[in-house]
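> Please see the structure below; I have some questions.
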């Protein structure tokens, strides 16, 4: 691992920073409301047709617009999925979904989770994939970025009452950022062999004389926004492990870059908009250090594999189970950490087949709130919540009122911060307990013991933190799990967004105080260390007991027996 593993990590980080820096500058211009002549007429036409006034909104108006927009998206997608059997672009004549699966899927894609309790090629028509899921991939990503825009403006402005206009932000993010970049990525994917057609499925005879069905469809267009918007829902059931969805090592590398591109660019944009690039760099350093350590641990665990294989005559202990040979262990490990550090959930291997330690790291990255770069928008505002918590703890230690970027952090801000940080762990732990205490929940567990517990814990962690990946050994297409996970996804998304916008509404009205002798510098290595420590401390205190019952116990069972 020493040479090739670290070379892969280094090349990934270098290319990521090279691409995200200029995009961060462009996003900063969007946040500050600079006009762009290229699509100004299109934008103006949309306002005329919709009757929307582009006047700025206060925090509660912004939150109400975001919430209503997403609730409407759930209703429309639910109806489409239920009615797909009677609609066009359905060459395989697939019927509509059951009501509980349709509800779960609608909530999943609107909340940017993309949890899939179904296999796309066997369940969804082309119309549902294009007009339903792909559209929500764009809109859910735009929602997360818009909330991040509002919070950044709250730190940059002072003595103000407004955070921007939600409708303007959603449209401009989609028109100027998501659509152009997704088009470029889709063309790259097509060049690598990703499908993009509306043909019916192919029925062929293999060389062995066996009949086989090859699914077709508009894959590349959905795949591009799947990774760019950190959505993660695959066109096929195997997701990015499927050769029609992720055929080459290059397409695999592009997917990983696309997942982190906007989250990293938003950190650069944050520093530029608040007038101190060191603030954005500090966030990137904290995220990068946690990320690199996580990748190294997963690579080590998967290369170490299972010690019981060598005595049985295996050539290597390394764990290739559930992995694609065209990617190998190192690229697969990197992808697993990227997709769970971000709220993406796309997979190019089966996480359920990882070693206990290798599977624990992706699980833990979700449980800390996916703040290591994180989802588009959600990663930045999630890490800024930990920044506020860090300056509060530092203020307690030195006996000063906490402040960040010249703004005092008061009781209301800390209440909302605590609420936003604690809502997802509460859902995860209560949901896991409910699943294990009921017959309907236990019925879906395939593997007994510690790994079966890990499957349930992973499902709730993935849903509540809007990731969408899974330990696929758990059978979740049941009314119990569809409804439980739908509730977890909805509360996990908006139970964080609403407190974040409440914090933004509070901060934007405050005056900016000049830095004094007792002000904690938040752009240096000391603060980066404090921030990392806070993230690790909160994650440890919350989830160590649950992790001890699952992946830690499983890891000890394997190695102590050896």
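From the backbone N, Cα and C atoms, a Cβ is placed for every residue, glycine too.
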> Out of 230-250, 356-376, 440-460, which range is noted as transmembrane segment by Swiss-Prot?
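The range carrying the transmembrane segment annotation in Swiss-Prot is 356-376.
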> Which range, 283-303, 304-324, does Swiss-Prot list as transmembrane segment?
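In Swiss-Prot, residues 283-303 carry the label transmembrane segment.
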> Can you say which of 154-174, 175-195 is given as transmembrane segment in Swiss-Prot?
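The range carrying the transmembrane segment annotation in Swiss-Prot is 175-195.
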> Taking the transmembrane segment (327-347) as reference, which of 6-26, 175-195, 416-436, 483-503 has the most Cβ pairs under 8 angstroms?
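Out of the listed stretches, 6-26 contacts the transmembrane segment (327-347) most.
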> Counting only residues 6 or more past its boundaries, what in the same chain has a CB within less than 8 Å of a CB in the transmembrane segment (63-83)?
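57, 96-97, 99, 101-103, 105-107, 109-111, 124, 127-128, 131-133, 136, 139-140, 143, 146-147, 166-167, 170, 494, 497-498, 501-502.
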> Rank 6-26, 253-273, 416-436, 483-503, 526-546 by Cβ pairs under 8 Å to the transmembrane segment (379-399) and hand me the top one.
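Per the Cβ under 8 Å count, 526-546.
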> Are there residues at least six beyond either end of the transmembrane segment (6-26) with Cβ under 8 Å to its Cβ atoms? List them, or say none.
176-177, 253, 256-257, 260-262, 264-269, 272, 280, 284, 288, 292, 295-296, 330-331, 334
> So, do the transmembrane segment (132-152) and the transmembrane segment (416-436) meet, by the test of 3 or more Cβ pairs under 8 Å (sequence gap 6 or more)?
no
